[in-house]
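Report on the following structure.
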Amino acid sequence: MENKNEQVSWLSLPRKDQLFILFFVRFSEPVVKASIAVNLLERSLSTIRENHSHEKQTYLYYQLKSLDPSLSSPQIIRQSATLQTAFIVSQCISSLFLGKLSDSPKGGRKLVLLIGLGGSFVDVVQFHSVISCVLFGFIRHFYQALILYTLEGAFNGNVATVRTMVSEVVQEKRFQARAFVLLPMAFNVAVLVSPLMAGQLADLRGRYPDRYGDSQFLRKFPYAPPALVNGMILAGASLVVFLFLEETSKVVERRHDSGIAIGQRLKKVLCLHHFRKTRYERLSNGSTSDVVEGMPLMLEGDRDPETPPQAVKTAGEPQVRRKHTNILPLRRILTANLCLVLMAAAVQDGHIAVYSTLWPNFLSDPVIDDAHIKTPSQRRRIPFRFSGGAGMAPDDIAWSLALLDVLGLPMKLLAYPRITQRVGTLRTWRFFLRFFPLVYTVVPYIAVMPSMTPPPAGKHGFAVWALIMFSQALMVGCSTFTAPSQLVLINLASPHPSALARTNSISYLLTAIVRATASVVSAWVYSYGSAHGLTGLAWWLAGVVSVGGCLINLICQEGNGLEIWLSGDKKHRTPRRRLL
């Protein structure tokens, strides 16, 4: 087992250069997507102002309202869920094919990342050209928005590959808590940075007429600057991956990499080869069995964490050429434990998707009291029968959403690694899953909190914001500790190293389908409940589902990454199963 008294810090992480590149890749795609969403909001708001519409809803609400001002609030919520579903389904389908290519001797992890980054770059160009060509915004119909979201999802399939590479770069369990938490941290940083970047660069001519008023380029392409910056970020990520990211797939790691060769020459030219990064010392053979529960991908001699896989040699013996000539067939990947872990992960991602879909729409939904009901069924009967939402303005909703990222970053950076090192990954996952039902129970009551402003004005006041902050803080705490733990456990549940990328792709495909379905179903349930005096129905059903996820989690086990042995695996260290 892991030695929980051993101090592990961020500085002791192995292969920090490779982890930084993967962090940058994970950062680059969400920052582009979020930046595009802000540009879309700016254009949609200008269109609404031209049409003299003064409704205050969420960003996506504004986008869809600008396309058809006659849409009702439930219709817009359903369209919002449909767009998110199109993005998720397209993304998960592309991930499945990319996962197969990633495990193939003709492909590899690095090639798949470059394909995904290149596709995202093309998507930015397509997005910009549409913006510049359409008269009143970049789309005129909902179906055009649906196509755009579908294309965007198809070019964002790198998530599963990045997860796979993190588990292969950092193979020792004592470092994995910090390594895997980097992925959600990258997403949080992207969501925080991108709105600021896009907000400062969009429509420079309109916001700074004295400085940019004479620019013909900005007159014709007012939203070109953010698109250009997005393209630079993706191009930079692609270049860094090509030059400095090492292949981690065992079936292609010894193939000549021209990008790495060029990168090494650049390092020599820039004299970077004189500087050595922080290293951690290899454990002695006597303490290895007591302290480190090695991942099955490692050889008998522990690898120097700063040494590229192409240069690995076993201590005291000649270099052993590892070949996974036998690749685990797809039909044998789905072991009992992997199925249980995937089921628990799918349930978790499903109810979190419900929260992500309903939260901004619920806060933007107009306030409805007994004086403003449309049907008798909407009459309030506390504690379960009430309609409407909080009726908040976009700025207030943005602040509520920002709480997730502001609170989440320090918790991921400081709290999560310490707790998982102390109690273990599986126990951390199990414990914090128990608080999701509480979140879904209390959120709907924001609609009935006393407000400083009378209906139908949006809700404001201490009680309203206290419940919002409590709900968001609890959601941040649950997500911070469960999301990275889920990633680690899925990787450990992979039955064989040759199936690692496909395991992550299957996981991403399954959870994406569940997220897409949950978003659509929750939107329909919310619309029905709001029309019949049951605004909390969708939330409370999500709470019931989360309880089911907690029960499934109780029978999951922490795997070892090598549950199935194939011929040619005799050079691997004998794994020991750790049960919690």
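Keep in mind that glycine also has a Cβ here, set from the backbone N, Cα and C atoms.
Quick look at what TrEMBL annotates:
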type	residues	note
TRANSMEM	180-202	transmembrane segment
TRANSMEM	222-245	transmembrane segment
TRANSMEM	333-354	transmembrane segment
TRANSMEM	397-419	transmembrane segment
TRANSMEM	431-450	transmembrane segment
TRANSMEM	462-484	transmembrane segment
TRANSMEM	505-525	transmembrane segment
TRANSMEM	537-556	transmembrane segment
Fill in the blank from the handout: With the greatest number of Cβ pairs under 8 Å to the transmembrane segment (505-525), the stretch among 222-245, 333-354, 462-484, 537-556 is 333-354
Problem - Candidate ranges 222-245, 397-419, 431-450, 537-556 - greatest C-beta contact count to the transmembrane segment (333-354) (under 8 angstroms) - result: 537-556
Handout entry: Result, the transmembrane segment (222-245) in contact with the transmembrane segment (462-484) (3+ CB pairs under 8 Å)
Key = no
Problem - Chain residues outside the transmembrane segment (431-450) and at least six past its termini with a C-beta under 8 angstroms from it - result: 348, 351, 355, 359, 362-363, 367, 380, 382-383, 386-390, 423, 459, 461, 463-464, 467-468, 470-471, 474-475, 477-478, 481-482, 485, 535-536, 539-540, 542-544, 546-547, 549-550, 553
